[in-house]
Amino acid sequence: MSWTIGRPDAEAPEDRMAASHLFTRLDDLVAWSRKHSLWPFNFGLSCCYVEMATALTPVYDQARFGAEVIRSTPRQADLLIVSGTVFRKMAVPLYRLYSQMREPRWVISMGACANSGGMYDIYSVVQGVDSFLPVDVYVPGCPPRPEALMEALVLLQSKIATEARPLQIRMGETGPARPFDPIPRRDALREARMAVTRLADPEAT
């Protein structure tokens with residue numbers, strides 16, 4: 001590889017311009033192929049999975065987004081849709097399944113329980129799957145309609161189309177991994193949220 005220094009207004013050599021254009025188009029081609037060939041992993045936890053299974057029927061035609069090939073093994077999938085309540089007992093197997101997926105891989109959190117624990121603010125329920133997995137798209141609802149999952153796939157496709165190559169990868173203890181904030185926003189704002197619900201003592205005033 002050779003480097004040259006020139007003025008900003010100077011014309012670039014034709015061979016360098018052609019190579020740059022080639023790699024730019026190659027990035028676009030790779031992004032296009034990735035976003036139109038998502039292979040979801042068939043994994044459900046509770047009632048939101050029923051809506052996810054409904055989205056796979058011919059009525060909604062998920063094949064339009066290239067995501068109709070449901071995989072039964074994480075080693076052949078690149079999209080994990082977490083649908084339903086994530087109990088602490090299931091967090092470890094879920095993370096193990098995610099770690100078996102090949103890079104690049106993406107995660108969709110489907111439903112209020114997967115997003116933030118939902119109405120189960122108890123010790124046995126993980127308060128948001130983003131506390132141990134890097135979530136790319138959140139789907140609100142209890143349960144969300146299949147159309148909401150369709151919109152999540154479209155949003156994920158637009159995100160994949162703008163990701164640069166190589167993807168944001170850092171070297172971890174077990175190999176390359178995409179960086180993510182391990183502290184979810186729900187936990188960061190928990191104290192402020194709880195302060196709103198505290199009632200003042202009427203005797204103190």
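Glycine is treated like the rest: Cβ placed from N, Cα and C.
It should be emphasised that the depicted structure is a prediction, and the values quoted were computed from it without experimental measurement.
Per Swiss-Prot, the features are:
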type	residues	note
BINDING	Cys47, Cys48, Cys113, Cys142	[4Fe-4S] cluster binding site
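Positions of Swiss-Prot features highlighted on the structure.
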residue	record	DSSP class
Cys47	[4Fe-4S] cluster binding site	coil
Cys113	[4Fe-4S] cluster binding site	helix
Cys142	[4Fe-4S] cluster binding site	coil
Determine, for the [4Fe-4S] cluster site, the additional residues of the same chain whose CB lies within 8 Å of the mean position of the CB atoms of Cys47, Cys48, Cys113, Cys142; present them in sequence order.
Ser46, Ser83, Gly84, Thr85, Met110, Gly111, Ala112, Ala114, Gly118, Gly141, Pro143, Pro144
Using a Cβ cut-off under 8 Å and a sequence separation of 6 or more, which residues in the same chain sit near Cys113 ([4Fe-4S] cluster binding site)?
Leu45, Ser46, Cys48, Gly84, Thr85, Val86, Met119, Tyr120, Val125, Cys142
Radius 10 Å, atoms counted are CB only; among the binding-site residues Cys47, Cys48, Cys142, which position scores highest?
Cys48
